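Worksheet: the structure to be examined is printed underneath.
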Amino acid sequence: MCGIVGVVNFKKSVSKKKIKSMADKLTHRGPDEEGYFLQGNTALGFKRLSIIDLSNGQQPMYFENLVLVCNGEIYNHKELREELKEKYSFQTNCDVEVLLYMYKEYGEHFVKKLNGQFAIAIYNRDTDDLFLARDHVGITPLFYTLTKKKFIFASEIKAILEYTKAEIDPKGIDQVLTFPGLTAPQTIFKGIYSLPAGHYLKFKDKEYTLHEYWDLSYPIEIEDKGKEYYLEKLDYHLKRSIQLRLNADVDVGFYLSGGLDSSLIASLIHELEPNKDRDSYSISFSDSRIDESKYQELMAKRVGSTHHSINFSWSEIEQRLKEMVYHAEAPLKESYNTCSLALSSAVRNNNKKVILTGEGADELFGGYVGYRLGSKRERGLDMTSLLEDEITQRLWGDSEFFYEKNYTEFNEFKESFYSNELLEELYQFNATENKLIDTRKLEGRDFFHKRSYIDFKVRLSEHLLADHGDRVAYANSIEARYPFLDIELIEFVTTIPPHYMIKDNKEKYILNEYAKDYVPTEITDREKFAFVAPNASHLLKQDIAWINKLLHYEKIKKEGFFNPDMIENLKSRYLSDDFSLNQTFENDFLMFVLTFEILLESFNIKGYKSE
């Protein structure tokens, strides 16, 4: 995979120097090669991380009137080649070459036939049309902006900011603070948008339109075909998914966390290719309460991998936090993605480029505590206010549905947390006053399916696959592949009845049952371990000069985003000996403020509505 950029200038031609400056911001995504296309007012740029067909995969690629740049992996490209080979002459073995012929053959709907992780841009030189598409799940990022003078797109926002000034969008602040993270198309930057997962964009004559080509869909009624049927089908789809993701012309390794998902992937890799030497990577901690080294080493020994364990000390959080925010391009509410950043760095230091990892299993198979707790009534929260019921009805299409917090109470807190100026602007857009998802798609669905769909839409692509996935991997020029997010596997999982997902109060029941044939009982029988990294209290108590400076009263007041008195109050609470964040999904407000301040510094933003 790689990094892509593009500009359509409405008034003048695009210079090579300018498109290259954009692409250079993405060198970490593609340090191996670069390529450019310039024609009149349109320019495309490309930075390559070479993984398949190392000598012949240069981009842009051309076919007749079409020009392609793609950041992605097309896992079913061999099948698609067979489909097209009678009509089209392939020039390389590179997977993305198939996209040109697919677009020529099927038009914009070709994306429905793809199985992969991708951000695609195709420019038609004859009609001056631009086509952008993002993969079904949102593994691969793609951002865009439309100004009076230009349409710009890029794999990361920092490349777009070479052309336009960075300004914070209050709606983005409120969305990150209220929900797990951002939800596309919203970003933290005003006027810059994320192309939603499962969508394509058509641009022509200074205008664009968005089109959805795929969404997660759960049936209202599901026929129960029996546990053994689902185990057999799961075996087929998961092994096929892993086999497809092992295809590369460079070594492919895998992460080992010590948990079920990564252990299962490791075991299936070993079963599929038992004689292949592979590298595994994990994080260890000096704190025995959270260290999972014994499970990681158990799995590494079982599959015979060359194991690399990286000891992570809490001092590295401070050392890596600025780098993490720069790559995340958003404020954060936790610090543990700095561990992931250290892990991808270790992979790169071992001169490797590709790893397999287990993200997505929790959202599809019910791996969070919320899947067990059920509705408000089942939680003993049936006496919530009418206002709270209205909010949950608006957000999730069900007044009984509970997702992580009481929004009425949270909105009251935000009134003292935000500055008056920010509150005034958010009066027209409070995150809980606007729909995040199409709630019609949840009508008549089981509670489990509602929760899974919501996690999929508001937690996965713009949060877990962003600042915990794509960004932390590509910060070190590493491609992460996700077997649990194979589109065919996902569509099969939607047919499994919910009672096979949560059973006897056990999360991910069907996946755990399947794993028993491959993973030691020490792992399958243990309670799910929720890793919690130190919060902002830990950093404040270290009395670190640059952190104290970023959180200084006068600085917060001058910038105008937050109430400086509330921030001082929070700092006092965080510095107390008995402070803790123990509740599931409890917000680390000062981590949010600290990383927001780092964001302002990283992108040279002086303050609210700064000139």
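Cβ atoms here come from the backbone N, Cα and C positions, even for glycine.
Features of the protein shown, as given by TrEMBL:
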| type | residues | note |
| --- | --- | --- |
| ACT_SITE | CYS2 | active site, for GATase activity |
| DOMAIN | 2-206 | domain 'Glutamine amidotransferase type-2' |
| BINDING | ASP95 | L-glutamine binding site |
| SITE | GLU359 | site 'Important for beta-aspartyl-AMP intermediate formation' |
Mean of pLDDT values spanning the domain 'Glutamine amidotransferase type-2' (2-206): 94
Site of maximum Cβ density within 10 Å, from recorded positions ASP95, GLU359: ASP95
Distance from ASP95 (L-glutamine binding site) back to GLU359 (site 'Important for beta-aspartyl-AMP intermediate formation'), taken between C-alpha atoms, in Å: 23
Neighbour tally for CYS2 (active site, for GATase activity), based on other Cβ positions within 10 Å of its Cβ: 30
The residue listed as 'active site, for GATase activity' and the residue listed as 'L-glutamine binding site', distance between Cα atoms, whole Å: 13
